[in-house]
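Just lifted these from TrEMBL, have a look:
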- ASP67: active site, proton acceptor (ACT_SITE)
- ASN137: active site, for ring-opening step (ACT_SITE)
- HIS139: active site, proton acceptor (ACT_SITE)
- GLU144: active site, for ring-opening step (ACT_SITE)
- 11-226: domain 'Glucosamine/galactosamine-6-phosphate isomerase' (DOMAIN)
Amino acid sequence: MNIRHFDSRTTASAYIASEMHTLIETRPQSVLGLATGDTMLDVYQALRQLLSASKVDLSTVKTFNLDEYVGLSENDPQSYYAYMNKHLFLPSLSWNHNNIHLPNGRAHDLVAEASQYEQALDDAGPVDIQLLGIGMNGHIGFNEPGTPFDSVTRVVDLSDTTLRSNRKHFESYEAMPKQAISMGIQSIMRAKRIMLVAFGRNKADIVSKLLTGRVTEDLPASILHQHPNVEIVVDDALYDVIAESLE
Ligand code: F6R
């Protein structure tokens, strides 16, 4: 597992965006695994700029997002569908909306929706580049501590740590969805290449545990030690805190 550090989140995001852009240019039928969250905002801004400037054809690119809140429709501003539309799937770019996939958090039958999502991912995959953020508790996607490593896309309960972290995006705690549909750990591990992104001092502790600790279901991201092509991309605000523990 390689760690790459950059002087700022802007330069780190530019690096990730450029890797994704190069993939799309060289492989028009590439499959992207996408994440949401605050960490990805600069990544998508940089990617949007590259895509607008190059006008590369996106019509055959497929995307699969990691997760969606249960109960939120794509028109709900707090849904991950709305997040993606706002930050990446702009009408000015040539995305083919038939090739964009997020779980439907409002599906009548959520169990069937999750298994259809997993099937669609499997049929289209493997994912060429999977973007991941990391939760304060080490979650990837919404695979919370204790998630079996052989899990696939399913309905999950959000942990208290996740609810506390994401509370800021909602009017109240009560208004927050307490469940999501999330790709599983096994679904994520099938990707050819994984880029896990973490910025800022507040993620230093969990990234340090990830890098120095053992592989355990108590820290879902630790499974990445068993993947052959993973980069951990961080900014120096985070790296400076953990550098000593890596020596
Ligand atoms: C988002 C996702 C989550 C986030 C993680 C970090 O689709 O699956 O795992 O990547 O919670 O979120 P931020 O970037 O907001 O700290």
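Positions of Cβ are set from backbone N, Cα and C atoms, glycine also.
Just so you know, TrEMBL annotations are computer predictions that nobody has curated.
Since this is a predicted model, take the numbers as computed values, not measurements.
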Round to a whole number and give the Cα-to-Cα distance in Å for the pair ASP67 (active site, proton acceptor) and HIS139 (active site, proton acceptor).
12
Work out the three-state DSSP category of GLU144 (active site, for ring-opening step).
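SS state of GLU144 (active site, for ring-opening step) = coil.
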Taking the Cβ of ASP67 (active site, proton acceptor) as the centre, how many other Cβ atoms fall within a 10 Å radius?
23
Out of these active-site residues, ASN137, HIS139, GLU144, which one has the fewest other C-beta atoms within 10 Å of its own C-beta?
ASN137
List those of the active-site residues ASP67, ASN137, GLU144 whose Cβ lies under 6 Å from any atom of ligand 1, in sequence order, or write none if there are none.
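Cβ under 6 Å from ligand 1: ASP67.
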Quick one: mean pLDDT on the domain 'Glucosamine/galactosamine-6-phosphate isomerase' (11-226)?
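Summarising the domain 'Glucosamine/galactosamine-6-phosphate isomerase' (11-226) by its mean pLDDT gives 97.
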